[in-house]
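Engineer: In case it helps, Swiss-Prot gives these features for our protein:
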type	residues	note
DOMAIN	119-304	domain 'ATP-grasp'
BINDING	Lys158, Gln193, Lys194, Tyr195, Val196, Lys197, Glu198, Ser199, His200, Gly201, Arg202, Asp203, Arg219	ATP binding site
BINDING	Asp264, Glu277	Mn(2+) 1 binding site
BINDING	Asp264, Glu277	Mg(2+) 1 binding site
BINDING	Glu277, Asn279	Mn(2+) 2 binding site
BINDING	Glu277, Asn279	Mg(2+) 2 binding site
REGION	325-359	region 'Disordered'
COMPBIAS	338-352	compositional bias 'Low complexity'
Amino acid sequence: MCSSVAAKLWFLTDRRIREDYPQKEILRALKAKCCEEELDFRAVVMDEVVLTIEQGNLGLRINGELITAYPQVVVVRVPTPWVQSDSDITVLRHLEKMGCRLMNRPQAILNCVNKFWTFQELAGHGVPLPDTFSYGGHENFAKMIDEAEVLEFPMVVKNTRGHRGKAVFLARDKHHLADLSHLIRHEAPYLFQKYVKESHGRDVRVIVVGGRVVGTMLRCSTDGRMQSNCSLGGVGMMCSLSEQGKQLAIQVSNILGMDVCGIDLLMKDDGSFCVCEANANVGFIAFDKACNLDVAGIIADYAASLLPSGRLTRRMSLLSVVSTASETSEPELGPPASTAVDNMSASSSSVDSDPESTERELLTKLPGGLFNMNQLLANEIKLLVD
């Protein structure tokens, strides 16, 4: 029976989004995983938490209950567009200071709260980015009309705190920018970005969990607009992706320090990619349907692997080795760097199969020559099979 008295694994979310598909699916998957592995589990809503510092020590109360056994891993889902450093991030920092392993960590979430902050983190690492300008002050949009002209028109204009494709414009010329300056809300700054014409109305959404690409989806606008977000009526379809594209998504995830993220890549005529955005609170309802994946289940598996349990650690270690062996034995999916991205096939198989299926399939073939090369690994595999 699953207990919440001394929970090892928590799911922490926000009341405003807890009924959304990703949160409900992650809760389902975590409950199932913890019951399967006989792990203690607790679901917590952000506004139930009271933070304490008593006698110089950090403490925690939930709905009046003094917490004495702290979670080892906390899966975090907070609405990044509305994240407040004085409340939400304070709770996450408190848990992290108490020794809890958060996924994602508070700094990783902050790296994605503001689109320009994301680019600041990625700059200097050799990551291909569209040229981008922003500004200080609260109402300096108008002064950027001249400053950003070097980016050439048309240019992309985005609210740095926007989400789901909202508050994104394609400015035709300086007059259009001037009109926008009178229409937009100025609570958050805007960024001005070089337009990648060849990727108009389409991009590639890559979901990365634990430093591994779990799947990729081509998103296309259906009404001619620049944004391809499924929440705005765009359609998503499973696609293959070149090794360059996969490695770029993993690199971005690593630089930003994210355990779970969605990376959006813009496509160029020469088959290369540049980064559009990174999402710490990635949605995956369209992704699950298009790619026939259970992203929540993959997240739950990874969360369990972070617990200090020998069996779980060996299991995910094996999964990593199996995945590497599988990837190196198959031909590269997606267009090579010299081929236009238009050749990406929406009917191709997914980049990475479901981790559980991959593991089960390969375990049935053991012992094989590859695994006999390492006796220690073979012993661990035998433990799992038994």
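In case you wondered, yes, glycine gets a Cβ from its N, Cα and C as well.
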Engineer: Quick one: what's DSSP say for Glu198 (ATP binding site), helix, strand or coil?
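Structural biologist: Once the DSSP labels are grouped into three classes, Glu198 (ATP binding site) ends up as helix.
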Engineer: Measuring Cα to Cα, tell me the gap between Asn279 (Mn(2+) 2 binding site) and Asp264 (Mn(2+) 1 binding site) in whole angstrom.
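Structural biologist: With the alpha carbons as reference points, the distance is 8 Å.
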Engineer: Which site among Lys158, Lys194, His200, Arg202 has the most other CB atoms no more than 10 Å from its CB, taking these as binding-site residues?
Structural biologist: Lys158
Engineer: What kind of secondary structure is Asn279 (Mn(2+) 2 binding site) part of, going by DSSP in three states?
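Structural biologist: The three-state answer is strand.
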Engineer: With Cβ-Cβ distance below 8 Å and at least 6 positions apart along the chain, what are the contacts of Val196 (ATP binding site)? List them in sequence order.
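Structural biologist: Result: Pro130, Leu266, Met267, Lys268, Cys274.
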Engineer: Counting across all protein chains present, how many other Cβ atoms fall within 10 Å of the Cβ of Glu198 (ATP binding site)?
Structural biologist: 14
Engineer: Using a 10 Å cut-off, grab the number of neighbouring Cβ atoms around the Cβ of Asp264 (Mn(2+) 1 binding site), all chains included.
Structural biologist: 20
Engineer: With DSSP assignments reduced to helix, strand and coil, which class does Asp264 (Mn(2+) 1 binding site) get?
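Structural biologist: The residue in question, Asp264 (Mn(2+) 1 binding site), is strand (DSSP, three-state).
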Engineer: Let me spell it out: for each of the binding-site residues (Arg219, Glu277, Asn279), count the other Cβ atoms within 10 Å of that residue's Cβ, using every protein chain shown. Which one has the most?
Structural biologist: Arg219
Engineer: Among Lys158, Gln193, Lys194, Tyr195, Val196, Lys197, Glu198, Ser199, His200, Gly201, Arg202, Asp203, Arg219, listed as contacts of ATP, what is the widest Cα spread in Å, to the nearest whole number?
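Structural biologist: Those residues reach a largest Cα separation of 20 Å.
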Engineer: Give, as a single whole number between 0 and 100, the mean pLDDT over the domain 'ATP-grasp' (119-304).
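Structural biologist: A mean pLDDT of 90 is what the predicted model shows over the domain 'ATP-grasp' (119-304).
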Engineer: Measuring C-alpha to C-alpha, could you say which of the binding-site residues Lys158, Glu198, His200, Arg202, Arg219 are within 10 Å of Glu277 (Mn(2+) 1 binding site)?
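Structural biologist: Within 10 Å Cα-Cα: none.
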